[in-house]
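A.B. asks: Please find one structure pasted underneath; my questions will follow.
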Amino acid sequence: MASPSGQYIFGEFSDDEFKQFFVTARCTVELPPYNEHFFPCGPQSSGDFQDDMHLKFSEVIHGISGEDCPRIEFGIEEVIDHSTALPNNTDYSISSNLNPQAPEFILTCSSSPKTSNNVLHENNFDAINCQFSECAIPDGSGNADSDGTSGTGQRERKKKKKRPPGYYSYLEGVGDVPSETLVNGHANSTGLNSISTDDPDLAEDIPISTTSPRTCNSPDNFVDLNNEALSNDASMHNALDNARTAGQPEECSVTSSEQSCIPSDNGRESPVRTAVVQPFAGTDTTENLGVTNGQTLESSEEGTASNGVVLLPEVSSLSEEAKPEETSTAQAVVHLPGSASANPPAKSWASLFHNSKPSSTTQVAYVETKNATPVTSPQVTEKQVEIKEGPVPVSEDPVAIKIAELLEEVKLVHKPVSLQPRGLINKGNWCYINATLQALVACPPMYHLMKSIPVYTKAQRPCTSTPMIDSFVRLMNEFTNMPILPKAKQASGEKVIRDIRPGAPFEPAYIYRLLTVFKSSLSEKGRQEDAEEYLGFILNGLHEEMLSLKKLLLPQNDKIHINNGPDPVSEKEEINKDEQEGSDEEWEQVGPRHKSSVTRQADFVQTPITDIFGGHMRSVVYQQSSKESATLQPFFTLQLDIQSEKIRTVQDALESLVARESVQGYTTKTKQEVEICRRVTLEELPPVLVLHLKRFVFEKTGGCQKLIKNIEYPVDLEISKDLLSPGVKSKIFKGQRTYRLFAVVYHHGNSATGGHYTTDVFQIGLNGWLRIDDQTVKVINQYQVVKQTVERTAYLLYYRRVDLL
């Protein structure tokens, strides 16, 4: 850096430089008209400086116009008094038609570490007109002088005089380390470039640039790319003498020019006094360490900035290691007041020459960018948690092992629970879901199972491997217990109605979202769906999630095949398989009268869901002169065919289920047609038996049609021994095959592709029945449950074993 006795910005132009800047048609300088106002310049002790500057300036002007010009001296050490100065008057301004985008436009980008004292004393600069707008000077009374001596600062504040705006705009960009000189509006890519910082960690983290040493010494000030000039007297002098490439071609995009040459409103400070381009609202300026010295501009792009701005990428670790004093400085930078202060700044002319030599120990680097696009802080990006759609694997869920251990030791509770009824809001065609949910809530073992699983918040469990379990745990916790009424009140229906106070209805949107999470065919909103299909979706989904949790508790060499039953095959394919040689899943079983049969069982692992709803059926194939072939298949619902005219009751449908049927057209390996028969029996009865009355059938002429016929169903259902497999008839007692109705899901309407679903549930606290139609809840009598109409027909029947009541 040059000393005070050195040469200044307007001295010693070379011939090429003089012609380039002051002779070409685009580089004329318009002087203001002569005025009687006289501005004393600088400290009184610096008379030589004033004379030299005036002489050199006069020589320059004389070379341009060929005429002698009046002596106009400018001072830079006094705060401009907005009440007396005329910053916007053209009589006191110097304008130029220098094109900022032309090769002749040279800027020196200098920077140095700044304290809050120096940061607060900047002016708003219009890079297009080369003028300063009115600056907002904060209160600097509490700041020390830049040279460290309070006496000197006090004396210099008294000597400051007015200056026309814009003349010393090139003195605003400063720094104490070698920095990039922007020639032709951009940085050279072959020399070292610097933007200094007080934090030594920054120098270690930022890569070193290899650009050419087009740098200059600069006084102690900072660079505001929106509002400040980018040079000073010594830095411009060095740039002109040592690093001038005025003839170098340059392209400056309109976008870049708009960003770097935005004039500030007169009399008002820029909202954010940083190098961050103001339109980028998404940029976090307070967390960027570069904001503390007003030097950096965030960017994620590479290359040369189209507006010639040297960009420093934000280092995420830098913000975390920022010093407290730097943080406070950043706050001072951002929250500048909008009004000017009457107190003079603590800045002096002599301070421009202090600490001006480059630092040999500080490592600096820069990143050039062509497109100054808005970017977010890398620090925020690193902290963002990756959000995955759908469930995560159980291995990535830290809570999964806890739930697995809980489910492994859980014991089902069948004790009835009295819950305060709540309706479910239906904003779409979700009635088939709402009806199914009300039936499951009324199922005591299902309710107790879900209540035994703890509820985890998003903070405790940001990702889950069991979204379906989580949703039903949340659903059951929506309902609270209701005290059981005395028997005296139960005798009067009027009193019961007055005592039943349903809770506020709610929308189980988290249940609806499960259809999307699992990409089910049921996920299309507004589509009329089937309640039995949805029940199967729920029970199978819960079962599979529990199987995944169960794997965590088994050795790695033990594998569980998630399979609720064998793949569906036709009757002929199944019979052909029976003739093949036996496998590990087959065994020979001796039945009554010493008849033997080969039995196959599908892979099946028990879970709490199968312990509640799971049963087994035995399908036996009889063939003359061959052993019986049997297959055990699990089920969650019993599918009852009611199409036959003979079927009028549920008992009729159950007997039809186990009736022996003949299979026509079956041939053996020798292609001989033989007569075979098939029969299905109940091998194992579940605690909760769900009967599906198959009302929707396909006809060859009319497609899918609804069977509108009344099927009688009792409140207490006894499973006949004739329905049981021969091997279990003597093992299942009457109490284990007697069931009581606790929920009925109805389908309303005559169409198979439309209609509505409602549910009747038994309320133990009421000792009666409730009819729930979405968010409507009302009390009904038992005879209304079993009585069907043409418009409302039973579709799903939920029974509980009486020995578990």
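Start at 1 and count along the chain as shown; that gives each residue its number.
Glycine is treated like the rest: Cβ placed from N, Cα and C.
So Swiss-Prot lists the following for this protein:
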ACT_SITE  Cys431  active site, nucleophile
ACT_SITE  His756  active site, proton acceptor
COMPBIAS  143-153  compositional bias 'Polar residues'
COMPBIAS  569-580  compositional bias 'Basic and acidic residues'
DOMAIN    422-802  domain 'USP'
REGION    139-170  region 'Disordered'
REGION    561-593  region 'Disordered'
A.B. asks: Validating a neighbour-count step here. Other CB atoms within 10 A of the CB of His756 (active site, proton acceptor): how many?
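C.D. replies: There are 18 such Cβ atoms around His756 (active site, proton acceptor).
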A.B. asks: With every protein chain in view, how many other Cβ atoms are within 10 Å of the Cβ of the residue listed as 'active site, nucleophile'?
C.D. replies: 22
A.B. asks: I want to verify one value. Collapsing DSSP to three states, which class is the residue listed as 'active site, proton acceptor'?
C.D. replies: strand
A.B. asks: With DSSP assignments reduced to helix, strand and coil, which class does Cys431 (active site, nucleophile) get?
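C.D. replies: The three-state answer is helix.
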A.B. asks: Express the distance between the Cα positions of Cys431 (active site, nucleophile) and His756 (active site, proton acceptor) as a whole number of Å.
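C.D. replies: That separation, Cα to Cα, works out to 6 Å.
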A.B. asks: For the domain 'USP' (422-802), would you mind checking the mean pLDDT of the predicted model?
C.D. replies: 83
